[in-house]
């Protein structure tokens, strides 16, 4: 690992995403008018776009690094935690998504460490995980953009996001069991 690995374009975009987190939190927490909620949503969309672009550039131009393999998911998870945390303040129902997210991510962190100790790795995310992330962001965008949603709509959003999180958790647990050499049914 050399100094240049820290400053590839994908890694710079990940640093930018980390910097956007407090901007989003401040924008959302201080928003009072619809235009201010639109601004907070814009910050979130910018974060999502830079996430997509950094992955594309890393793959397309062979700029993937070990640092980026760590930095990208850290930026993802911190962004997701920040979004759900501020939404929980407005709608307590989001605590369910937050708990599911924490359980899933803690499990994945522990399992990745176990794989690492066996000199195995999980090569990127799997489709159920990608779909769960897309649904997660979509539901969060709706909740951020429309701050006056009814409790029923919020519960529906929480339910949809939760179903996809549970599905991803199930598929990842099967994959981890397989990679650990345990029988999977």
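We count from 1, first residue shown onward.
A Cβ is built for glycine as well, from the same backbone N, Cα and C atoms used for every other residue.
As recorded in TrEMBL, the features of this protein are as follows:
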type	residues	note
TRANSMEM	12-30	transmembrane segment
TRANSMEM	78-103	transmembrane segment
TRANSMEM	124-146	transmembrane segment
TRANSMEM	152-172	transmembrane segment
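Within the same chain, residues 91, 93-94, 96-97, 100-101, 103-104, 107-108, 111, 126, 128-129, 131-133, 135-136, 139-140, 142-143 sit at least 6 positions outside the transmembrane segment (152-172) and bring their C-beta atoms closer than 8 Å to a C-beta of that stretch. Distant neighbours of the transmembrane segment (12-30): 36-37, 39-40, 43-44, 46-47, 50-51, 53-54, 57, 68, 71-72, 74-75, 78-79, 82-83, 85-86, 89, 144; these residues of the same chain sit at least 6 beyond its ends, with a Cβ under 8 Å from one of its Cβ atoms.
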